[in-house]
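J.: In case it's useful when we look at the structure, here is the feature table from TrEMBL:
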BINDING   59, 128  Fe-coproporphyrin III binding site
BINDING   191, 286  Fe(2+) binding site
Ligand SMILES: CC1=C(CCC(=O)O)c2cc3nc(cc4[nH]c(cc5[nH]c(cc1n2)c(C)c5CCC(=O)O)c(CCC(=O)O)c4C)C(CCC(=O)O)=C3C
Ligand SMILES: [Fe+2]
């Protein structure tokens with residue numbers, strides 16, 4: 001039964017994602033887009049290129065976003081949300097600037113943006129906002145009237161993001177051999193980032209080292225582990241670990257790496273492990289290579305039974321969560337704030353990133369925050 005929730009003042013939703021190559025010839029230009037000005041060593045780039053070539057030069061991320069788009073449109077249609085959903089990427093076609101230009105030419109003036117990144121940090125939040133600012137600057141230079149873009153709040157602790165993760169962990173545990181199941185550790189994983197970036201990822205009340213990025217992941221891990229215990233009656237030991245480290249070897253990044261962690265678990269006599277990639281929204285290349293290929297091979301070499309639980313992907317509960325975030329923000333923008341869903345201890349995040357949060361090494365304009373140069 002369509003309920004026609006009020007989504008005014010918005011006239012469109014923009015799904016903003018990372019983008020990925022769709023064939024071998026795309027790999028190098030894609031990596032050049034990602035790493036422009038980021039100081040990534042050549043050796044690391046060669047290695048990462050190989051991850052993509054192993055899968056025919058195709059990242060699954062674009063197809064996953066097409067499926068998510070379908071899920072969002074279906075959810076909106078079923079609930080009477082009459083808002084078009086468009087898609088643009090930071091690093092590959094369809095490029096953000098091209099999508100935004102088309103949206104403006106189609107007459108959209110007030111656009112809600114959902115980024116496929118659930119947490120705070122420069123890479124996970126401000127960099128998307130910088131790309132929005134760049135796109136707006138390009139459109140302004142072309143003489144177009146700029147729309148207002150609002151980024152929907154971080155959703156790492158939204159039940160529509162967390163509950164599918166819990167179900168995935170339960171399914172992975174059930175898939176382990178019975179004799180090792182109850183002793184299995186849960187290894188929650190996310191993208192490693194430089195310690196300096198983690199420490200400036202926003203204030204996290206009561207949390208020392210790591211700032212908001214680490215605190216948010218720990219909050220989700222706690223909720224998932226507790227829900228698993230509630231369901232199975234078994235307390236699985238858990239840890240938050242990291243993957244996909246990049247950058248220069250001399251720069252400190254968040255540790256331990258998942259592969260080192262598997263060795264420690266094995267050394268300590270853990271009978272099995274479920275790897276839970278809470279840091280990602282879909283099973284893209286960081287999951288397919290770093291976990292399903294590299295870490296899975298490491299576990300096999302150790303003789304450690306391992307499973308990898310799914311990311312949220314296009315789960316209908318996630319699509320419903322996006323609608324909830326959109327309706328919630330629309331209400332706030334109309335001056336009629338309503339309940340904001342969140343699990344865990346941190347509570348719902350801010351709508352507007354505060355001035356100077358998640359700073360870049362070299363300051364650049366960022367849209368959709370308190371320090372946005374755009375209205
Ligand atoms: C926090 C975070 C997320 C999660 C939030 C979000 O989802 O946005 C994320 C996602 C992703 N990262 C991705 C790919 C890459 N990330 C790289 C490099 C980097 N990522 C970083 C951080 C993050 N990355 C950082 C600090 C760097 C170092 C360079 C820099 O400081 O900017 C590089 C360069 C090579 C390398 O060094 O690994 C590649 C190819 C893909 C696409 C996968 C696909 O193709 O399926 C996705 C979804
Ligand atoms: Fe990345």
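Glycine residues also receive a Cβ, built from the backbone N, Cα and C atoms like all the rest.
Annotations in TrEMBL come from automatic prediction, not curation.
Show me how these features fit into the structure around them.
T.: Non-local neighbourhood of residue 59 (Fe-coproporphyrin III binding site): 20, 21, 22, 30, 52, 284, 285, each in the same chain, at least six residues away, with C-beta under 8 Å from its C-beta.
Within the same chain, residues at least 6 positions away in sequence whose Cβ sits under 8 Å from that of residue 286 (Fe(2+) binding site) are 191, 243, 244, 277, 280.
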J.: Sort residue 128 (Fe-coproporphyrin III binding site) into helix, strand or coil using the DSSP assignment.
T.: helix
J.: Counting across all protein chains shown, how many other Cβ atoms sit within 10 Å of the Cβ of residue 191 (Fe(2+) binding site)?
T.: 23
J.: What binding-site residues among 59, 128, 191, 286 have a C-beta sitting less than 6 Å from any atom of ligand 1?
T.: 59, 191, 286
J.: Under 8 Å Cβ-Cβ from residue 128 (Fe-coproporphyrin III binding site), six or more apart in the same chain: what's there?
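T.: Result: 16, 90, 115, 117, 151.
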